[in-house]
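Q: Handing you this structure, nothing more for now.
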């Protein structure tokens, strides 16, 4: 602090411009104390309320958002605008009467500022956002040093709806939700009509697919996730219908061509697909979730971590592992669904491997090569924002969790958005409470009943 990320090998903060450029990965860094913002609601979950209060005060006093710096629209949305999860926690704690009594929605005002700085990226004929935006200058003009890109990934354009809709419903300003919906509508219209598949990369001006391979891993992953979660959070049947159209076919663990859905486009899988068993649990597809998770668990046991990419016979294709949390996420959801202690053992494997191979004196270091155990001087903010949440929830007893996580939905960055947003109008600000109305339970109860059924009828 106040740097965006920790460099755990050299024990200093990573400040963009002072360290050698790492290319696109640096687009997550906006000189806005990223790790602190991304970790706010983790502190509350871990019962660190005093630290949370101090962290919120630091964010409000020190963080600036008007930096002349080009950032990823996708990453800034899920990691910084996702700090709405911190706002949710602050309101909850204030309502408890002991903590955050001074809080006056300051994190919400900051989130709206972030949202307004991202909006210029949506100024395209298609409604798909530019992949990058200058926090100070937007996307137009030479001073922005961006706005010349023509392509974006499907997940980059299709993973805005939860945060933008939450911002609209918290503030009463419908513009954010409207832009996110327009981008989703455009992606739906551009699906390949025979296969109902979307590609990985699309031209934001013409809508032509640039990369025509399709799967559930990198480039598309959270687009599917947000269709289902948008239905749960917002109650719009259209999102569920679209999700079911895509997911009605067997999961594409190997990418295929959108025009030839039976023909694999490559012989390897990437580690980001590890989120998919968790999404299958949310949908109620428990048996396929168990099978996919088990395959990933075998890869993990072979290499200690999931390599960034691996072949169908579990050999390493790309050897890095930046401490991604998706396998822990799916492990948590499968344990919650089945109650099977097998998933506690899987969680123990994750935890033991992190402590044995990734832990260093100043934090946890990404693996440069899972085969040799070499490290990279890198600890992404998502490690604290997601990995710690899912592992804590996996092992915690009910009385150790300070609030009911059933009142919230997880964003793709594991931030907490309250389900009570589903009953909020698009254009009137709401006051948060944890009482969820009956129409939300229409969503939740069938999932619970389904999970109870599968718990009794499926085994490993």
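Heads up, the Cβ atoms here are built off N, Cα and C, so glycines get one too.
Any TrEMBL annotation is an automated prediction that lacks curation.
For reference, TrEMBL lists these features for the protein:
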| type | residues | note |
| --- | --- | --- |
| ACT_SITE | 75 | active site, proton donor |
| ACT_SITE | 221 | active site |
| ACT_SITE | 308 | active site, proton donor |
| ACT_SITE | 326 | active site |
| BINDING | 412 | Ca(2+) binding site |
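Show me how these features fit into the shown structure, please.
A: Taking a C-beta cut-off of under 8 Å and a sequence gap of six or more, residue 75 (active site, proton donor) has these contacts in its own chain: 27, 28.
Taking Cβ-Cβ distances under 8 Å and a sequence separation of 6 or more, the neighbours of residue 221 (active site) in its chain are 155, 272, 273, 275, 276.
Around residue 308 (active site, proton donor), taking its Cβ as the centre, 20 other Cβ atoms fall within 10 Å, counting all chains.
Every protein chain considered, the tally of other Cβ atoms within 10 Å of the Cβ of residue 412 (Ca(2+) binding site) stands at 25.
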